[in-house]
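Below: one structure, written as C-alpha cells.
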Amino acid sequence: MKTFGPFVNTICKRILNHQRNLSIWIPLFNNHPCASNRIATIIELPDGFHTMENKMVVQAHIESRLPFREKLAYGVGDFGYNFVLNITTLYLLKFLTDVAGINAAWAGVIFLVAKVFTGFTDLGTGIFLDTRKSFGPRGKFRPMLLWTIVPLFVCNMLLFCNFELDSETKTTLFIVCFMAFGLFFSLGNASYGAMVPSMTKNVQDRAELAAWRQGGANTGLLLATVGFMPIAMLFESQETGYMVAALAYTSVGLAAVLFCYLNVKEHHTIIGNDPDQIVEKPTIKEGLKAVLKNNQLLVLAVANLLTLSAFNVKLTVQVFYAQYILGDVSMVSYMSFVSMGCIYLGVLSVPALVRRFGKKPVYLAGLCLWISGDIANYLFGGTVMSYVLFTSLAFFGTSFVNSLNWAFVSDTVEYGEWKTGTRTEGLVYCGMTFFRKCSQAIAGFVPGFALALVGYMPNVEQTDAAKAGITGLIFIYPASLAIVTALVMALFYTLNEQRYQEIIASLGARRVATTQS
C-alpha cells in the first residue's frame, strides 16, 4: 500500500482540478495491480479531498475488475438461453405451418397470445425479484437460473411435437405449451439479465459483460441458423427431424445455462449494513412508479421494442425467403455462417469503439449500417451472393445495436435510483424483457398474418404477391423500424458516460450519508 498511496494521492489531487472529466482516470485505477473495491476507505486522501462526495467519486472509479472466468461464463449463459429460444424464434412458425398443419394466421395468433402473456410474466418476475427479502449466499438472482432448467427442457420439447388432434385443440395446446415455456424462460432469463448491477459497478466491465452477452447470444443464433435445419433434414419424416433437432439444441443450451450458474457470482447483492449497498426495499407500488418515472428507461424500452421486432421478423422470415425466393432452404445454413461472422466482428469491436466514441454514437452508427444493408438488399438483391453481401452489412450494424442495448439498461438502474430514490433493478430488467417479449409477439404475429394475407401456401410455388410480401417483410419492415429507432435515440436518450459517473458518485455519497444520519 505504501507504493500505491502516492500514486492515488497524485490522481486525487488531479481529480480535484478535473472533476468534470473523471472518466479519464478510470483505467489508471482499474488497471493498477494494487487496486481493489475498498481502496478508497484506507488510502490517505490529500487535503481538500475529504468531502463525502469526493471520497465516493474515487470509490466509484476504483471498483475491482471482474475475472475473465465470470465474463466468459456470463456470455455462455446467454449462448444457452439463445440456443433454446432461437429455435422457437426461427423455426417454430415454419414447424406449425408446414409440419403441424396449422393455418399461418392461427400460427401467428399462437405467437401473439403466448408472447404477450410471457411479457406480463416478465413484469411479475421483476416484482418478485425486487420484493424478495429472503435469499441465501448464492445470491438474489442467480438461483433462478438453476431452478428453471428442467421445466424449460420439458416445455421446449413439447413445442416441437406434432400432436394427432383436431385443429382447434392442437392450436390451444400449442398456446398453453408456449405460454408455459415463456413463463419459465422469463424466470430464468430475466434473473440472468438483472444480475449485472449485482455483479459489478465498473462501467467498463458492464460494457464488456454486454459484449460477452451479445457474443454468446450471437453464437447461439449462429449455431441455430447453421445447424438446426441440416439436422432436421437428416430424417425422412419432418416430425422426427424437428423433434431430434429440438432435443439436441435444448440439451446443449440448458447445459450452458448450468455452466453460467456455476461460474458467476453476485458481488454487490443488497445485504447487511454495508454503506455502499444499503438501498431501501421498495413496495410494488413504489417500484412501478419509479420505473414509470425513469424516462431514459422508457426511451430504451421503445428502442428495444422497435429493434427487436425488426430483427426477429428478419430472422423468422429468413427461412421462407431462402426456400421460396432463393430456391433452396438449406442455403440458410451457409448464408447465416457468413453473415453471422460479421456480427462477431461487430461484437468484438464494440468495447474499443465505446471507449473511443461512447455508447450512443456507436449505437447510432450501427443503426445506419443496418438500414443501408436492408435497403440495398431490397433494391439490388434477389441472388444468394447479393443477399449474403448486404445482409452481412446489416447484421454488422445490428451487432452494435444488440450489444449496447443491455449496457444502456444497466446504466438506467442507477439513473432511476438517483432520480426517484428507489432501486428497482428487477423491474427494470423485467420491464425491458416485457418489451422484448412484445417484440417477439409482433415478430411471430406479423409474418404469420402477412403470409396469410398475401396468399402463402406451404410447400408449393408461391405467387408473385406472396414473394413480394416475403421480400418486404425481410427488408423493408426492419429498415423502417431501424430508422424510427435512430430518431428516438438521437433525440431523447441523454444518459452519456460523464453524466453516469456523476450519478454513481452522488449515489455513493447519498448512501453513506444515510447510514451516518
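Placed from the backbone N, Cα and C atoms, the Cβ positions cover glycine too.
TrEMBL does not curate its annotations; it predicts them automatically.
If you look up TrEMBL, you'll see 105-129 (among others) marked as transmembrane segment.
Long-range contacts of the transmembrane segment (141-160) within the same chain: residues 77, 84, 87-88, 92, 95, 129, 135, 174, 177-178, 180-181, 184-185, 187-188, 191-192, 194-195, 198, 242-243, 245-247, 250-251, 254, 257-258, 260-261, 264-266, 426, each at least 6 residues beyond the stretch ends and with a Cβ under 8 Å from a Cβ of the stretch. Marked as transmembrane segment by TrEMBL: 141-160 (among others).
If you look at the transmembrane segment (172-194), the same-chain residues 6 or more away from its ends with a CB under 8 A from one of its CBs are 77-78, 81, 84-85, 88, 96, 100, 102, 110-111, 113-115, 117-118, 121-122, 124-126, 129, 141-142, 144-145, 147-149, 151-152, 155-156, 158-159, 163, 165, 257, 260, 406, 409, 425-426, 428-430, 432-433, 437. What TrEMBL lists as transmembrane segment is 172-194 (among others).
Taken from TrEMBL, the feature transmembrane segment covers 241-262 (among others).
Taken from TrEMBL, the feature transmembrane segment covers 297-321 (among others).
Sequence annotations record features per position, and here TrEMBL assigns transmembrane segment to 333-354 (among others).
Counting only same-chain residues 6+ beyond the ends of the transmembrane segment (361-380), those with a CB under 8 A from a CB of the stretch are 307, 314, 346, 350, 353-354, 386-387, 390-401, 404, 408, 471-472, 474-476, 478-479, 482-483, 485-486, 489-490. What TrEMBL lists as transmembrane segment is 361-380 (among others).
The annotation transmembrane segment is assigned in TrEMBL to 386-409 (among others). Cβ atoms under 8 Å from those of the transmembrane segment (386-409) belong to residues 193, 196, 206-207, 209-211, 213-214, 217-218, 297, 300, 303-304, 307, 311, 321, 326, 335, 338-347, 350, 353-354, 359, 362-363, 365-374, 376-377, 380, 428-429, 432, 478, 485, 493, 495 of the same chain, restricted to positions at least 6 beyond its ends.
Listed by sequence, the residues of this chain that lie at least six past the ends of the transmembrane segment (441-458) yet keep a Cβ under 8 A from its Cβ atoms are 89, 92-93, 97-98, 103-112, 114-116, 119, 308-309, 311-313, 315-317, 320, 465-466, 468-470, 473, 477. Residues or ranges marked as transmembrane segment by TrEMBL: 441-458 (among others).
Same-chain residues lying 6 or more positions outside the transmembrane segment (470-493) and placing a CB less than 8 Å from one of its CB atoms are 295-296, 299-300, 302-303, 306-307, 309-311, 313-314, 317-318, 320-321, 324-325, 360, 363-364, 367-368, 370-371, 374-375, 377-378, 381, 394, 401, 408, 446-447, 450-451, 454, 456, 462. Annotation source TrEMBL lists transmembrane segment at 470-493 (among others).
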Below 8 angstroms Cβ to Cβ, which residues of this chain, lying six or more residues outside the transmembrane segment (297-321), approach it?
86, 89-91, 93-94, 221, 225, 229, 291, 329, 332, 336, 367, 374, 387, 398, 401-402, 405, 408-409, 412, 415-416, 428, 431-432, 435-436, 438-440, 442-444, 446-447, 451, 456, 470-471, 473-474, 477-482, 484-485, 488-489, 492-493
Non-local residues, at least 6 beyond the ends, that sit with Cβ under 8 Å of the transmembrane segment (241-262):
73-74, 76-77, 79-84, 87, 91, 95, 99, 142, 145-146, 149, 152-153, 156-157, 159-161, 188, 192, 220, 224, 227-229, 231-235
